[in-house]
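Worksheet for the structure shown next.
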Amino acid sequence: MLCAVYEVFERMAYYGISSNLVLYLTKKLHQGTVKSANNVTNWVGTIWITPILGAYVADAHLGRYWTFVFASLIYVTGMSLLTLSVSIPGLKPPPCHQANIDDCKKASTLQLATFFGALYTLAIGTGGTKPNISTIGADQFDDFHPKEKASKLSFFNWWMFSIFFGTLFANTVLVYIQDNVGWTLGYGLPTLGLVISVMIFLAGTPFYRHRVPAGSPFTKMAMVIVAAARKWRVPLPSDPKELHELDLEEYARNGKFMIGSTPTLRFLNKAAVKTGSTDPWMLSAVTQVEETKQMLRMIPILIATFVPSTMIAQINTLFIKQGTTLDRHIGNFKIPPASLAGFVTISMLVCVVLYDRFFVPVIRKWTNNPRGITLLQRMGIGLVLHFVIMAVASLTERYRLNVAKQHGLVENGGQLPLTIFILLPQFVLMGTADAFLEVAKLEFFYDQAPESMKSLGTSYSSTSLGIGNFLSSFLLSTVSDITQRDGHEGWILNNLNKSHLDYYYAFFAVLNFLNFIFFMAMIRFYVYKAEVSESMHVLTEELKVMRLKASNQEAAKGIA
């Protein structure tokens, strides 16, 4: 699929930057541990937050296709500017080989403005491409064609496979080029790949199934909430059929689906109570009410994904900084610290294939669920794995610090005689967790969103990662500040051999445990959306009956 080709190159570009960004900020722009890590997570957070704006533009104005096209051009512009900022000598401070980076010359305002301006231009482009490219891909499957619907069940597994294929290349080849050849080529290659992928996507335009904009989902949801609030004293009728609803023909004509009234979030049903006013801010159709309910029902699940998203943020920040303190040699070859992120990708790719080809067919026989287990159950397994990851990371870091003490390397921050591969378990487990949580999260928010709000639903997944990164920045700054009070050295310092990342990771393990309890409480009240194919089947049958009656009436008039 041409959409997947773009995603491979786009992920290659994104991870080619994010995987090694903390080292560029440290080594080239001479920033400290906390500042460089927070700059990474703030940028990554923005990258994942902006898709909610892109989803709004797509659903309300331009449609998914045109939003993607315009945003991809912005993305290419940002990548091009970023490549220039790392290539032109005047746009970066002079090299510094001091052991203490505080003694190095800091980047000027112009240099910082150019570099971060390019990064955030790229973030704007991501906002328009990220929520729409996967949705465009999923839109190519017909929910009402048995074979296509069956293929769609595996779509998100293989979509994530294509994403992590591009990620693997970035975390191995690109980071090696950046560390050993130069940043110009390291950023120039993904920029070129991105341009080619956009051209390939555009070449497939005549073959795509295009969805027309269905109006702003935010406005529709606001109308329901306002209408319900304004009629909070109005009693609900005992029969849901007395609530306001549009004709079946109206939905069929617009290619939408009618949704029956449900008892959950009953207060919002008041928006559909007839009071004589037809003002859209006073009266909403039942289907519109149910669409709003569905988006609101997913919010507690969304909140439960913030903490694991914070854990993911550690891959490109503290995990990589740990790698710089360890022995990275295999013979004469020196492993770039960011390359360890490639094991996240490899682990995830292997787990997705095993899950889709072996786990699902076996479990399906017992559960009779086409997916093997429910999406929320799959997410729950991922959450448990995140607790395990941070427990393992804490124990590994404690061992690393003990080795530093034994060899007298605490004060000078020297490299430890310890292989970088001691960090491997936490990277591999992170990939395994992604195969459960991240794939299920993307599919869940797409699948459970109403048909007219698919882009917004998909953006929930990226919003989770965005907030997780901002939460990471907040926690890192807060913990660093609190632990340095009253003359204490603190948990997170520029010299990691004097730091206590083991305490920090243990804190994350506790946070994951509490978050899992919250998730389990929330899923007890979650009600899955009815299958669209079932709704469409009912709608089609009802329309057939109505049309048959109409034709019989016309025939009777003709005879008369």
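Note that Cβ sites are derived from N, Cα and C of the backbone, with glycine treated the same way.
Automated prediction, rather than curation, is the source of TrEMBL annotations.
Predicted, not measured: the structure shown is a model, and the values here were computed from it.
Per TrEMBL, the feature transmembrane segment maps to 65-84 (among others). Within the chain, the transmembrane segment (65-84) has long-range Cβ neighbours (under 8 A, six or more residues past its boundaries) at 6, 10, 13, 17, 54, 57-58, 91, 114-115, 117-129, 132-133, 136, 184, 187-188, 190-191, 194-195, 198, 201-202, 205, 208, 210.
The feature transmembrane segment is assigned by TrEMBL to 155-177 (among others).
Taken from TrEMBL, the feature transmembrane segment covers 183-203 (among others). Panel annotation: around the transmembrane segment (183-203), residues 2-3, 5-6, 8-10, 12-13, 16-17, 20, 24, 28, 68-69, 72-73, 75-76, 79-80, 82-83, 86-87, 170, 174-175, 177 of the same chain, lying at least six beyond its termini, place a Cβ under 8 Å from a Cβ of the stretch.
According to TrEMBL, the transmembrane segment annotation covers 301-320 (among others).
Sequence annotations record features per position, and here TrEMBL assigns transmembrane segment to 340-363 (among others). Residues 15, 19, 154, 157-158, 160-161, 164-165, 167-168, 171-172, 175, 315-316, 319-320, 323, 369, 371-373, 420, 423-424, 427-432, 434-436, 438-439 of the same chain lie 6 or more positions beyond the ends of the transmembrane segment (340-363) yet place their CB under 8 Å from a CB of it.
Taken from TrEMBL, the feature transmembrane segment covers 375-396 (among others).
Residues or ranges marked as transmembrane segment in TrEMBL: 503-527 (among others).
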Note = Residues outside the transmembrane segment (375-396) whose C-beta sits under 8 Å from one of its C-beta atoms, at least 6 past its ends, are 301, 304-305, 307-308, 311, 314, 319, 422-423, 425-426, 429-430, 432-441, 443-444, 447, 502-503, 505-506, 508-509, 512-513, 515-516, 519-520, 523, 526
Ask   = So what's near the transmembrane segment (503-527) in sequence-distant terms, Cβ-Cβ under 8 Å and 6+ beyond its ends?
value = 262, 264, 297, 300-301, 303-304, 306-308, 310-311, 314, 318, 376, 379-380, 383-384, 386-387, 390-391, 393-394, 397, 479, 491-492
